[in-house]
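> Straight out of Swiss-Prot:
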- ASP307: active site, proton acceptor (ACT_SITE)
- LYS19, GLY88, ARG116, GLN162, ARG338, ARG380: phosphoenolpyruvate binding site (BINDING)
- LYS19, SER20, ARG24, SER160, GLN162, ASP307, LYS334: 3-phosphoshikimate binding site (BINDING)
Amino acid sequence: MKVLPAKKVEGVLSVPPDKSITHRALILSALAETESTLYNLLRCLDTERTHDILEKLGTRFEGDWEKMKVFPKPFAEPIEPLFCGNSGTTTRLMSGVLASYEMFTVLYGDSSLSRRPMRRVIEPLEMMGARFMARQNNYLPMAIKGNHLSGISYKTPVASAQVKSAVLLAGLRASGRTIVIEPAKSRDHTERMLKNLGVPVEVEGTRVVLEPATFRGFTMKVPGDISSAAFFVVLGAIHPNARITVTDVGLNPTRTGLLEVMKLMGANLEWEITEENLEPIGTVRVETSPNLKGVVVPEHLVPLMIDELPLVALLGVFAEGETVVRNAEELRKKESDRIRVLVENFKRLGVEIEEFKDGFKIVGKQSIKGGSVDPEGDHRMAMLFSIAGLVSEEGVDVKDHECVAVSFPNFYELLERVVIS
């Protein structure tokens, strides 16, 4: 698909529901003691995998993704292996859940997911008493023999919300308390939701302490996904004739790293929280920002914006001076090696960028000429290059653009709504 330069970008929009929160709402409602009602769930390939696995384990769902009733039942051992598709969140969070049930399960995924490391969840869950068998002890497919678990104190080697969540979910049914200590703070949806559901959870800095507990069903409305909004917010800042407002979007402080970095760069940007419903929800406004300054992304913000970091490179193209991202080696372990895919494709578009093992550096005030790019089936990279096309000189041809359906099925539809060509 060829994305051509836009004359003007303007509009008020709401983005699809939050993917991270949808996964957790589905899982926690299946673990609750009584029924739950969930509103505004994101239906995409990743969240369908979580839903289908829970259904195969015995959970009953009624209604559609706009309003879903969830009737939990004790999990029963499934006969078939459980398919996680392309979803790392499904795999890692469900590993934590399944580790705490005395039954045998097998998780498998597509070719991309089968290359992503799972040792990081296997290790703490084995310390708690579960048994795992995986390809090279690190990759899917992965067999889990659940057990009655014991709580542990665990220092995660990387700041990862998925690893932290896997251990906390396992800890719900363990004997004794579970403690997770991270090297830096990662997104906190799991502990925030558990605390709101009455589970004894204490958070001090990067340390989370959880006591085993049961909880009742709940009602929740999922806010818009800040990671999806990010593409439009960045477009609003770098396009020479733009004004964009995103409403009903989640503004959890562990997810607003990109907004903080854009402020540091001098973007014409503001956001406000308008309501709290288990999670803060609000509005983001952005307009053309001709005086962007390059920035070294502060290390503590890196885990809070891991999915948005490649967009910083796009901001850096139009900023004055150098923009540097380091300590982000985690980007190489996503749906693609995002550092390599970013650098290779930016060079194809005529942008000079330097690659590091753990990040990249870009010198500003360049232009994006245009050309053809291959996001390698990675939904976030496909969306990034589409935004690049709108601010390019000649347009950008995005190969395999349909992969955006992994997280944002109506991305191009919303883009057409704000673009005036």
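Backbone N, Cα and C atoms are what each Cβ position is placed from, and that goes for glycine too.
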> Going by a 10 angstroms cut-off between Cβ atoms, which of the binding-site residues LYS19, ARG116 has the sparsest surroundings?
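Each of the binding-site residues LYS19, ARG116 was scored by Cβ atoms within 10 Å; lowest is ARG116.
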> Same-chain residues six or more away whose CB lies under 8 A from the CB of ARG24 (3-phosphoshikimate binding site)?
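Expected: LEU93, SER165, HIS189, THR190, MET193.
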> Around LYS334 (3-phosphoshikimate binding site), how many other C-beta atoms are within 10 angstroms of its C-beta?
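Other Cβ atoms found within 10 Å: 20.
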> If one measures from the C-alpha of ASP307 (active site, proton acceptor) to the C-alpha of ARG380 (phosphoenolpyruvate binding site), what distance in angstrom results, rounded to a whole number?
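Computed Cα spacing between ASP307 (active site, proton acceptor) and ARG380 (phosphoenolpyruvate binding site) is 8 Å.
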> When a 10 Å sphere is centred on the Cβ of the residue listed as 'active site, proton acceptor', how many other Cβ atoms does it contain?
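Its Cβ has 22 other Cβ atoms within 10 Å.
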> Once the chains shown are all counted, how many other Cβ atoms turn up within 10 Å of the Cβ of SER20 (3-phosphoshikimate binding site)?
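For SER20 (3-phosphoshikimate binding site), the count of other Cβ atoms within 10 Å is 26.
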> Hey, what's the widest CA-to-CA gap across LYS19, GLY88, ARG116, GLN162, ARG338, ARG380, the phosphoenolpyruvate contacts in the record, in Å?
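Answer in Å: the longest Cα-Cα distance is 19.
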> What is the separation, in Å, between the Cα atoms of ARG338 (phosphoenolpyruvate binding site) and SER160 (3-phosphoshikimate binding site)?
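Rounded to a whole number, the Cα-Cα distance is 17 Å.
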> Expressed to the nearest Å, what is the distance separating LYS19 (phosphoenolpyruvate binding site) and LYS334 (3-phosphoshikimate binding site) at their Cα atoms?
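So the alpha carbons of LYS19 (phosphoenolpyruvate binding site) and LYS334 (3-phosphoshikimate binding site) sit roughly 15 Å from each other.
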> Nearest of the binding-site residues to ARG116 (phosphoenolpyruvate binding site) by CA-CA distance, picking from SER20, SER160, LYS334?
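Among SER20, SER160, LYS334, LYS334.
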> Could you state the CA-to-CA distance between ARG380 (phosphoenolpyruvate binding site) and SER20 (3-phosphoshikimate binding site) to the nearest Å?
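Answer for this pair: 15 Å between alpha carbons.
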> For GLY88 (phosphoenolpyruvate binding site), name the DSSP secondary structure in the helix/strand/coil scheme.
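The residue in question, GLY88 (phosphoenolpyruvate binding site), is helix (DSSP, three-state).
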